[in-house]
Amino acid sequence: MKKNKLSIKTIVAIGIGSAVFMILGRFGSLPTGIPNTNIETAYAFLSLMALLYGPLAGFLIGFIGHALKDIVFFGSPWISWVFASGIVGLIIGFGARFIKINQGVFKLKQIFMFNLIQIIANGVAWFLVAPTLDILIYSEPLNKVYLQGVIGGISNMITVGVLGTVLISNYSKTRIKKGSLRKEY
């Protein structure tokens, strides 16, 4: 019998994570002054979920959460940015191999590694994927979409760098450090 790739726990996390991402995306964002581009707290939450549940869950939480936000609050999804949100979760989820927050350790080395990974993830998603898909799918003007991508990417890097680091650090403090318990005789 094949081992199921997605556990019940992960599926529930994807559902709840997508709903929280949607709510944070709508009510936890600040406008940047660039049309349709906001400072989003949802990506700090996505980072935590991606590190906890891995790349597939990270992708699905970002993709489904962003799609739901667009559908519920704007009427239809902007698929290029929905896909980019999934890419952020996917790449950060691959970082779970290097950043084991469930082991109760999130010190300088892990903070540096997390921020390096999230900068790469946001750079790929917002500087490359979202604007390129905007041009290919929606025939949007080149200068507009790359400006939106750069502003969105930089704001997400800063938000995840600050809020994500604090959120993940606080979460890791709730975990028991590996090897910290001893058997009493």
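Glycine is treated like the rest: Cβ placed from N, Cα and C.
Listed in Swiss-Prot for this protein:
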- 11-31: transmembrane segment (TRANSMEM)
- 44-64: transmembrane segment (TRANSMEM)
- 71-91: transmembrane segment (TRANSMEM)
- 111-131: transmembrane segment (TRANSMEM)
- 149-169: transmembrane segment (TRANSMEM)
Considering the transmembrane segment (44-64), which listed stretch of 11-31, 111-131, 149-169 counts the most C-beta pairs under 8 Å: 11-31
Residues of the parent chain within Cβ reach of the transmembrane segment (111-131), under 8 Å, 6 or more residues beyond its termini: 43, 47, 51, 80-81, 83-85, 87-88, 90-92, 94-95, 98-99, 142, 145-146, 148-150, 152-153, 156-157, 160-161, 164-165, 168-169
